[in-house]
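Here the structure comes first, spelled out in structure tokens, and everything after it is commentary.
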Amino acid sequence: MEEKQILCVGLVVLDIINVVDKYPEEDTDRRCLSQRWQRGGNASNSCTVLSLLGARCAFMGSLAHGHVADFLVADFRRRGVDVSQVAWQSQGDTPCSCCIVNNSNGSRTIILYDTNLPDVSAKDFEKVDLTRFKWIHIEGRNASEQVKMLQRIEQYNATQPLQQKVRVSVEIEKPREELFQLFGYGEVVFVSKDVAKHLGFRSAGEALKGLYSRVKKGATLICAWAEEGADALGPDGQLLHSDAFPPPRVVDTLGAGDTFNASVIFSLSKGNSMQEALRFGCQVAGKKCGLQGFDGIV
């Protein structure tokens, strides 16, 4: 029987990336070291990494027909990512972002044109055949709709034997109040450093202890804190930590968080422990920071 897939639900966007030797001053005219088009978006990037790691994966997100979508779909296919779940929209434009990557320190500055393209709805998600997937990862966006999607998975899982249940993870990256209802869903919840700092926490460990009461019974909460590494807190109350694995030189951090999330999911889906998954996530994300793009992370 064919191995089940990992489905990532969220954003795909065209990233137009300018690599510069130093961040430009306002109102100046300068050359970049290189420029490339790259498929971006959190869930989309996580699919790229999962595929590079050897997982069978699929992407679900919104696209509008046109040249940009053609490029993005071709790139998904080149990476071996299944795009049969894409929600094609009759209105709106495919989103695009301009990214400045500073080659001297790896910083990335993103200016997103988040267009009028509708997000994937609970109605779109009703068409998904849940029997095809062993894991579904949801990037927090239109949370009220995503709660309905997560409830559908919960209802499905309630009818399945343990080995047939779909495992679920959720990412809460943006400090938007609407997204915080997603803490209560999924067996793995990724909360970003940005959200943790927005809520007044000064370290990953402090954030996990302060936010753990929001997750559902038995879930694990994970927080990556850039060069400080990452922490996880599960139902046993033991705080796990992995140091970061910085490359010899940081050149591109665009998508590092998505790389971490995907690597943790991949490791857990293979039956590894949370400590092993946390370490693996930090290792692969660290390697990515030393490379332009994603090629070469494995």
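Glycine too: its Cβ is placed from the backbone N, Cα and C atoms.
Keep in mind the model is a prediction, meaning the values are calculated, not measured.
Positions annotated as beta-D-fructose binding site by Swiss-Prot, on the basis of similarity to another entry: D15, G41, N42, N45, D258. Within 10 Å of the C-beta of D15 (beta-D-fructose binding site) there are 24 other C-beta atoms, taking all protein chains into account.
Under the heading ATP binding site, Swiss-Prot lists R108, A226, E227, E228, G229, G255, A256, G257, D258, citing similarity to another entry as support. Using a 10 Å Cβ-Cβ cutoff, D258 (beta-D-fructose binding site) registers 27 neighbours.
Secondary structure from DSSP puts G229 (ATP binding site) in coil.
In sequence order, A244, P246 make up the list of same-chain residues 6 or more apart from E227 (ATP binding site) whose Cβ falls under 8 Å from its Cβ. Across D15, G41, N42, N45, D258, which the record gives as binding beta-D-fructose, the greatest C-alpha separation is 14 Å. Sitting within 8 Å of the Cβ centre of D15, G41, N42, N45, D258, and not among those site residues for beta-D-fructose, are the Cβ atoms of L11, V12, V13, R39, G40, A43, S44, S46, G255.
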